[in-house]
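Contents: one structure, followed by commentary.
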Amino acid sequence: MLLRNRAVVALGLRMCSSHVTKGPLADAVKHSSDMSEFRAGVSAESGVPTFRGKNEKWRKWLSQDLATPEAFSRDPSRVWEFYHYRRELVMNKKPSAVHLALAECEARLKKQGRSVVIITQCIDDLHRQAGSKHVLNVHGSLMETRCMSCGHVSVNKRSPICAPLKNKGDPGPDVPDAQIPVDKLPRCEERECNGLLRPNVVFFGETLDSHILTKVEKEIETCDLCLVVGASSIVYPAAMFGPRIASRGVPVAEFNIHTTPKSEYFMYHFQGPCGTTLPQALAQHESEVF
């Protein structure tokens with residue numbers, strides 16, 4: 001392994017704007033696909049749909065039109081149906097080979113005094129289900145709620161999250177809205193607050209959690225190896241993590257089914273399904289000392 005002390009892994013689904021800035025960020029490098037040299041869409045492989053392509057619409061609305069503060073304020077019942085549908089999908093999925101390989105690698109390297117930090121835009125809980133301990137969710141989590149009144153954040157894995165949402169959320173284009181009264185939607189149980197809960201995810205148009213970003217910045221500045229896995233090379237803010245790390249002269253390896261607008265900046269690019277390429281890259285190397 002090239003990792004000496006600290007590695008970051010940037011992963012993500014296409015959950016937000018995928019525009020790409022133009023202009024060089026650093027001198028382009030000729031990347032390698034030599035796996036042996038290196039060794040000296042992650043949730044999508046678990047069957048979790050993204051906000052793009054055939055899953056871009058829920059009923060007759062674009063996902064980007066539902067996952068906004070304005071949409072939640074205007075019609076919290078509809079938005080909760082949408083997120084309830086996504087929560088139930090995630091609860092029925094299992095970690096992929098990628099999730100498991102990352103968790104195993106983290107646990108193995110921890111015994112050697114080295115650390116692996118996962119920085120992800122995925123809002124499912126699959127990394128933690130797989131056993132990863134050091135996970136930074138820059139877009140929040142489907143399995144958490146935040147109170148609109150008191151701000152309390154808590155893990156919530158109830159299924160359904162509230163009784164009126166049971167069997168609701170069907171994405172079919174002709175399915176009518178449930179129109180659940182706001183007082184029957186998920187409510188805060190903290191100190192009898194009873195405020196309206198919302199999914200603790202970053203809606204389109206919202207800023208990212210500054211506390212999480214501070215931790216991300218620290219990892220970007222201190223790591224000595226970076227793996228960019230899945231769509232992170234074209235989705236912001238993670239699209240900038242790899243190039244920034246590469247600009248420090250740190251090895252960056254990209255794992256994707258195709259090249260991306262950022263591939264030219266990285267030392268390594270391994271093309272193919274991440275569930276195949278990443279476990280091979282993270283398998284125990286003969287040089288590892290326990």
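Heads up, the Cβ atoms here are built off N, Cα and C, so glycines get one too.
All TrEMBL annotations are machine predictions without curation.
Annotated in TrEMBL:
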ACT_SITE  His139  active site, proton acceptor
BINDING   Tyr83, Arg86  substrate binding site
BINDING   Cys147, Cys150, Cys188, Cys193  Zn(2+) binding site
BINDING   Asn256, Ile257, His258, Cys274  NAD(+) binding site
DOMAIN    10-288  domain 'Deacetylase sirtuin-type'
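The recorded positions under consideration are Arg86, His139, His258. Their Cβ neighbour counts within 10 Å are lowest for His258. The record assigns Asn256, Ile257, His258, Cys274 to the NAD(+) site; their largest pairwise CA distance measures 11 Å. In this view, Cys147 (Zn(2+) binding site) is surrounded by 21 other Cβ atoms within 10 Å of its Cβ, with every protein chain counted. Taking the Cα atom of each, Tyr83 (substrate binding site) and Cys188 (Zn(2+) binding site) are about 17 angstrom apart. Report note: the Zn(2+) site is defined by Cys147, Cys150, Cys188, Cys193, and the residues of the same chain whose CB lies within 8 Å of the CB centroid of those residues, excluding them, are Met148, Ser149, Gly151, His152, Glu189, Glu190, Arg191, Asn194, Gly195, Leu197. Note on proximity: among His139, Cys150, Cys188, Cys193, the recorded positions of the record, the Cα nearest Ile257 (NAD(+) binding site) is that of His139. With Cys188 (Zn(2+) binding site) as the anchor, the candidate binding-site residues are Arg86, Asn256, His258, and the one with the nearest CA is Arg86. Taking Cα separation as the measure, Asn256 (NAD(+) binding site) is nearest to His139 of the recorded positions Arg86, His139, Cys150, Cys193.
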